[in-house]
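Trainee: The following feature annotations were taken from TrEMBL:
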type	residues	note
DOMAIN	16-50	domain 'F-box'
DOMAIN	99-216	domain 'F-box associated beta-propeller type 1'
Amino acid sequence: MSFRSSSVTGRITWNDDMLIEILLWLPAKSLTRFKLVSKHWLSLISAPQFSRLHTLRHLKLQPSLILHMRASQFFYFHPVLDGAKLIPYHFTIPNPKILSSCNGLLLLQSDYPQKDYYVYNPTTKQSKKFSLTNNDHKYTNVLGLNLAFDPSRSPHYKIVCVRGAERSPSSALQYCQIEVYNSKTQSWKLCVEPFVAYITTQFSHGVHWNDAIHWENHPFPHVYFDLDKNVIGRLPYGQTSCPAWGEGTACHFHLQESKGHLHHLMIMSELGDKSIAVFELTADYSQWLLKYHYRFGRFRGMFRILNFTSGDSEVTHTLVFHVPGKITAYEFHERSFKQLVDLTDQTFYQVDALQFDPRDVYQFGESLAPV
């Protein structure tokens, strides 16, 4: 790309270098519309080099959320913006089911008219179909598919497929095997030797962090697969186990990545007295550090934690949760609540009912990353 000489009339003449530098500062969602300006702009914005540069420049954006309510009804939601609202989101893939989300990309399954799998960019709505391997050995059951994508390391993504062998209904253990798809080579590779896992391991809900996929495994230690070293490991256990408060105590657990950290959210309830503890895993995997502990007290009715969001500052963290009729945020540093969305005017609203579950909330950052 070279500079062009100025017009003899004295008017400013744009050159590609100047235009690209300006476009790189714009949000990805805006750039999808600017492709319509001209064929030249379409060519510039669609270039792989531009997508790569733009993705690297916007790595630390506040994430948005896609909420799945029922059937194929999805909503787009940005929890940190003032005046946040639910916006209906429509996929270009028929009857999609979100299996995994990671740094701007989604892993989708479509069951109609046949079962297909896609990697999908919800910002550009680009998609790429892929197929699973023809498994002709004993590991026939697909226990989970998880997406691994870190644009700061590579423009390529990986898909982790965990398969399980047939087991006895009375067994608490299962034999598993892992296959990994690499978008760079567009091929699958068998990784690690077969291993034994508890049937409680949530292989269908993996969380990508530090070039590894992490799976919840309550009441046992959580499990992870290191994609770089091709090894299975277990996360520290003890600090994040449910405390023995007494009869009537209930705990819910949730793993989530936020701004380059892995967090373990533990929601505790005893006879109506609710509290939440947020732990952060050290980079060397040696221990969980308690970051926040908040007691809601006697909290009437139901509520669900939807997301834990890190702000621009290291001390700014927000808990997004859902109670009947609204989506609310609690800001830990300010110790304040803020209503984000009033759901009572939505057609799907039901009195004293919850419409969204934590398992149906998918975090993503707007990105031009190609698939």
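Start at 1 and count along the chain as shown; that gives each residue its number.
Positions of Cβ are set from backbone N, Cα and C atoms, glycine also.
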Trainee: Work out, from DSSP, the number of helix, strand and coil residues along the domain 'F-box associated beta-propeller type 1' (99-216).
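Mentor: Computed counts for the domain 'F-box associated beta-propeller type 1' (99-216) are 0 helix, 63 strand, 55 coil.
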Trainee: Helix, strand, coil: count each for the residues of the domain 'F-box' (16-50), based on DSSP.
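Mentor: Summed over the domain 'F-box' (16-50), the classes give 26 helix, 0 strand, 9 coil.
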